[in-house]
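Swiss-Prot lists 30, 31, 32, 33, 34, 35, 36, 37 with the feature ATP binding site.
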């Protein structure tokens, strides 16, 4: 799989850009602030329908414009698939696949598979649980696009339940138990589906991350991944879905008084974490700076290998990564990604350690092939 053409209209700093991309290595060179990361952000948006840099779509639209438009041409399994996304903040995206309009995100998500590693990814190891939850969910929807709807349904159920709890907390009124039971059941069903998907993913992903860490670190240190939930483990391990739902409902009842007082949901996937261990200790507190970089790289490379094992090799993106790594890790990283069908790299300078391939110069949101 590779992206053969990318077009941007009014996306971030770009009024208009159109570029042809090769399979293999494509390197975008330019000083900071010239628009390199905006290019790869557009590629990620075509894959996941969300930015890896911002939680909302408004910053994606060029200042003074009403909408941003992305077009990508993907070559996969010997056929070309055209993807079109129109981003209008505050409204649903307009999506087209091969010229046909669709309202369903899952019809587009997963066609272009992308794994990106960026300096912000140090937060996967050092940061809050939200970054690790987003990491898991992004891999989930690329691996199994139908789970885009599962995640969206959970987020909707969480918003609705929180709105109900907030209204009770603010008004100080007697809670309507029948209404609470309805919201609890809706939430528990959505939570059970997402929890099951995440736990299965961690089980599949862990061996790939362990192998990637060994390659990046030169065999120094052993890593372990574990999904930590606010729902009791014995509930999550049950094979029967209805039993898991009942267990989540029981967990909600235990914290009901606190939830009603605070006006928010205290149990569920939105409060879970991916526990990262290095040599049997929490990586967040014990890993050195270099070890943390190796761990973050291993998480991305593990996701890449898992997706590749599923039959389609993702596009690998390295966004200003080489500047963050020492020479040894640069060499090891280059070795790990050398087999990628397409590799997109951004860099402020054309580093000697960068792989050989097509070079582009990016300056003031203009892109041209280097001489």
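Think of each number as a place in line: the chain as shown, counted from 1.
Using N, Cα and C of the backbone, Cβ positions are placed for all residues, glycine too.
Same-chain residues with CB within 8 A of the center of the 30, 31, 32, 33, 34, 35, 36, 37 CB atoms, the ATP site residues themselves not counted, are 346, 348, 362. The Cβ of residue 36 (ATP binding site) has 26 neighbouring Cβ atoms from other residues within 10 Å, across all protein chains displayed. Counting every protein chain shown, the number of other Cβ atoms lying within 10 Å of the Cβ of residue 37 (ATP binding site) is 24.
For residue 30 (ATP binding site), the count of additional Cβ atoms within 10 Å of its Cβ stands at 22 [all protein chains shown]. Less than 8 angstroms from the CB of residue 31 (ATP binding site) sit 348, 363, each of them six or more residues away in the same chain. Cβ neighbour counts within 10 Å, taken over all protein chains shown, single out 34 as the most crowded of the binding-site residues 32, 34. For residue 35 (ATP binding site), the count of additional Cβ atoms within 10 Å of its Cβ stands at 22 [all protein chains shown]. DSSP gives residue 32 (ATP binding site) a coil state; it is part of no helix or strand. For residue 33 (ATP binding site), the number of other Cβ atoms no farther than 10 Å from its own Cβ, over all displayed protein chains, is 11.
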